[in-house]
Amino acid sequence: MTLAVLGTGKLGGAILRGWVRAGLFAPSEIALPARASGRALAAELGARVAGSNGETVAGAEILLLAVKPYQLASVLTEVRDQLPPECLVLSVAAGVSTTALEAVLPDRQPVLRVLPNTPAQIGAAASAFCRGAAATNDHAATVTRLFSALGLCIEVAESQMDAVVGVAASGVAFVYLFLEALTDGGVRMGLPRAAARQLAAQTLVGAGQLALETGLHPMELKDAVTTPGGTTMAGIAVLESAAFRGIVMEAVRAATERSAELGRPK
Ligand SMILES: NC(=O)C1=CN([C@@H]2O[C@H](COP(=O)(O)OP(=O)(O)OC[C@H]3O[C@@H](n4cnc5c(N)ncnc54)[C@H](OP(=O)(O)O)[C@@H]3O)[C@@H](O)[C@H]2O)C=CC1
Ligand SMILES: O=C(O)[C@@H]1CCC=N1
């Protein structure tokens, strides 16, 4: 299938690298715009530099939109006349609804929103998608196939997409803060930095993998680590005295609300 990408920055690049790595698109099937980031990504992946945004989308079967939320309407307006009517439009922008996208596109253009996160580039994303008015089951199946190749992909109601930003798209950065803190904690206690970083990162990967594979409640997994009177409870008591879980939930709420704000007209 032919793919056009507008928005060749951090997330657009991560998705594209993931798809090329998974063999879903041959580099010759990918058209990128002739701007600095598009040229750089094209050179890295062997993709085609098409020219203007309009020239990029001409003939595309799938258009991936990964520009900033406030740039979406103007970019779509710019390319709508060159966009093939059957082209599946996939937006990864936080906050911007399918209704807002459809408002600037020709009638019945199939639109879906997807929210992946940056581990997409190594096939370990957590993604959720929702459908616009003209999206069919076949379109949903295409999106599921594309994003399952980059990790986990589930469908949610559009009203839940802002919460997906809070938990997964932004949530990955919250995890990196925790990773840094866990690493620094190890260094503080005398571990060499490289060893602390490796141990901390694998601890996060292993903890997540165990939760996914067993389906057990996090509390059960936590209980399996806590020897009565032991080391783990000594640490958990410190985290809880600073309302660790409450502050994480507040971070998810803040990111969710900010996502909703990004989609509101100024
Ligand atoms: N980063 C993330 O983890 C996530 C991001 N998102 C969403 O993804 C989108 C992109 O975010 P992110 O990748 O972080 O942002 P970046 O700033 O890294 O990328 C934005 C890209 O848009 C390009 N661009 C800007 N203006 C135009 C234009 N007029 N025509 C074509 N391309 C243009 C820029 O090109 P150039 O650099 O050449 O100017 C840049 O490559 C946002 O909507 C965000 O909400 C969603 C989930 C996670
Ligand atoms: O911070 C942001 O606005 C973007 C959207 C989700 C992740 N990064």
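Positions of Cβ are set from backbone N, Cα and C atoms, glycine also.
Annotated features, as they stand in TrEMBL:
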BINDING   L6, G7, T8, G9, K10, L11, A66, V67, K68, P69  NADP(+) binding site
BINDING   N53  NADPH binding site
DOMAIN    3-95  domain 'Pyrroline-5-carboxylate reductase catalytic N-terminal'
DOMAIN    158-262  domain 'Pyrroline-5-carboxylate reductase dimerisation'
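Structural mapping of features recorded in TrEMBL.
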residue : record               : Cβ within 10 Å
L6      : NADP(+) binding site : 26
T8      : NADP(+) binding site : 23
K10     : NADP(+) binding site : 12
N53     : NADPH binding site   : 21
A66     : NADP(+) binding site : 23
K68     : NADP(+) binding site : 13
* Asked: Do you know offhand how many angstrom separate L6 (NADP(+) binding site) and N53 (NADPH binding site) by C-alpha?
  -> 7
* Within the domain 'Pyrroline-5-carboxylate reductase dimerisation' (158-262), how many residues are helix, strand or coil going by DSSP? -> 88 helix, 0 strand, 17 coil
* To do: With DSSP as the yardstick, break the domain 'Pyrroline-5-carboxylate reductase catalytic N-terminal' (3-95) down into helix, strand and coil residue counts.
  => 42 helix, 20 strand, 31 coil
* Asked: Taking the residues the record says bind NADP(+) (L6, G7, T8, G9, K10, L11, A66, V67, K68, P69), how far apart in Å are the two Cα atoms that sit farthest from each other?
  -> 14
* Distance from the residue listed as 'NADPH binding site' back to K68 (NADP(+) binding site), taken between C-alpha atoms, in Å -> 15
* Whole-number Å value for how far N53 (NADPH binding site) lies from A66 (NADP(+) binding site) (Cα to Cα) -> 13
